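Enquirer: I have a structure I would like to understand better, so I am pasting it below and will then ask my questions one at a time.
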Amino acid sequence: MFSLIGAKRLAIGIAALAWSTGAVMASEHWPDLPVGIKNGAAARIGNMAYVGLGSAGTDFYALDLNNPSKGWVKRANFIGPATNGAAMAAAGGKIFAFSGNGKATPDAKSPIIFDTAYVYDPGSDGWSKLDTQTPVGLSGAKAVGLADGRIAIFGGYNKELFDKYLADVGAIDKDKEPEAYRKLVDSYMGMKPEAYRWNDEVLVYDPAGNNWGSLGANPFLPNCDPAMATMGEGDFLLVSGEIKPGLRTPEAKLVKIRDGAAHWQKVSDLPPLSGSEPQEGVAGAYAGKAGDDVLVAGGANFKGAQANAAAGKWFAHDGLAKSWRDDVYAFDGKDWKVAGKLPRGLAYGAAFDAPGGLLVVGGEDRDGKARKEVFLLKWDGKALSVEN
């Protein structure tokens, strides 16, 4: 998740921030990324934030949240093919990257979903490929480290269907064969959500044993690119996301991992924006804790897709314009409210919890541009402000 445009306002003096390791001082402003990053992956180890891949190719960067004045530091390049939408999480002081999608080789005719896994060691500043394969496609999935050292993974596109669709699309010249191209797209995009066979298991990877397991099935429709926030040890909030290409859900679910199993509970949906604009849900939103609340910001959707799906038109986003949202919501554990606005519509960037707010890193704007900007959404439970 990641972005912002326009002139940076200078902070007067130096703001005091209390991070998990104690009180630290923020620089005059949060440093921009060296390059714009969208559809990338991110993780955090202590006070080090890591962001890369996606539109940055194999680039990988780190920011010391205790000393942001040092800026983003280039780390070792990712050693796999450039990938979008990888699931990434930290465990045992290392960072693990699973799946994603991209071209296996530069001359490949079409992208695929990868079934590979890699680990980054900050101590040696090096990547290694793991001797394992993901059980299913995990592009668009969310990964999170658990207290026992394992990594839980939610959602993910179906590799078999995704790979075949993109190969078939790549084999047709849509200018010379427009009818065949349209028929293929309509056939794939017109399926009901269940037909996409997205990952409906809560997978768990154990770095110590280099093996995979399951924490149980998701009782809801599996989704991809949801917003995710850690609520407490073993407690995670999954908000919105896609339930099929082009169609989001406004639902939010609380997942509690206890005694080797994932326990799901539906909580309040994202609220309607107004009486005339129903909640479409969002994919690629930014999320994290801000004090006692969870903030969910930005994301992208297609206005009108929910109405189309309700009418049985399952190619729900056909002919609709994609919208990059600037809405920010706050969740107090029971109810949602509209907290304010981002400086602009943004999606598919990175977010990190910070005292007093949510650090928003990069992302994609309404023009599809990968953004460099980094800013803090400050929230005191009543008012939202932006610290650049």
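Positions of Cβ are set from backbone N, Cα and C atoms, glycine also.
Below are the features I grabbed from Swiss-Prot:
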- 1-26: signal peptide (SIGNAL)
- 48-92: repeat 'Kelch 1' (REPEAT)
- 94-147: repeat 'Kelch 2' (REPEAT)
- 149-186: repeat 'Kelch 3' (REPEAT)
- 187-232: repeat 'Kelch 4' (REPEAT)
- 236-285: repeat 'Kelch 5' (REPEAT)
- Glu242: active site, proton acceptor (ACT_SITE)
- 307-356: repeat 'Kelch 6' (REPEAT)
- 358-387: repeat 'Kelch 7' (REPEAT)
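If you look at the structure here, what lies around each of the features I listed?
Expert: Here the repeat 'Kelch 1' (48-92) is broken down by DSSP into helix, strand and coil counts: 6 helix, 18 strand, 21 coil.
Here the repeat 'Kelch 2' (94-147) has, by DSSP, the following mix of helix, strand and coil residues: 0 helix, 22 strand, 32 coil.
Residues of the repeat 'Kelch 3' (149-186) grouped by DSSP class, helix first, strand second and coil last, total 21 helix, 4 strand, 13 coil.
The average per-residue pLDDT of the prediction over the repeat 'Kelch 5' (236-285) is 95, rounded to a whole number.
Sequence-distant neighbours of Glu242 (active site, proton acceptor) (same chain, 6+ apart, CB under 8 A from its CB) are Gly140, Asn223, Cys224, Asp225, Arg248, Thr249, Ala283.
Beyond its flanks by at least six residues, the repeat 'Kelch 7' (358-387) meets 1-5, 11, 15, 26, 29-40, 42, 49, 51, 54-56, 65, 284, 286-293, 295, 297-298, 300, 323-324, 328, 330, 339-352 of its own chain at Cβ-Cβ distances under 8 Å.
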Enquirer: If we skip the immediate neighbours and take only residues 6+ beyond the ends of the repeat 'Kelch 3' (149-186), which ones have a Cβ under 8 Å from one of its Cβ atoms?
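Expert: For the repeat 'Kelch 3' (149-186), the nonlocal Cβ contacts are 87, 89, 91-92, 96, 98-99, 101, 109-113, 115, 136-143, 196-199, 202-208, 215, 218, 222-226, 228, 236, 238, 241, 255, 257, 262, 315, 318.
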Enquirer: Across the repeat 'Kelch 7' (358-387), what are the DSSP residue counts per state (helix, strand, coil)?
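Expert: Secondary-structure composition of the repeat 'Kelch 7' (358-387): 0 helix, 21 strand, 9 coil.
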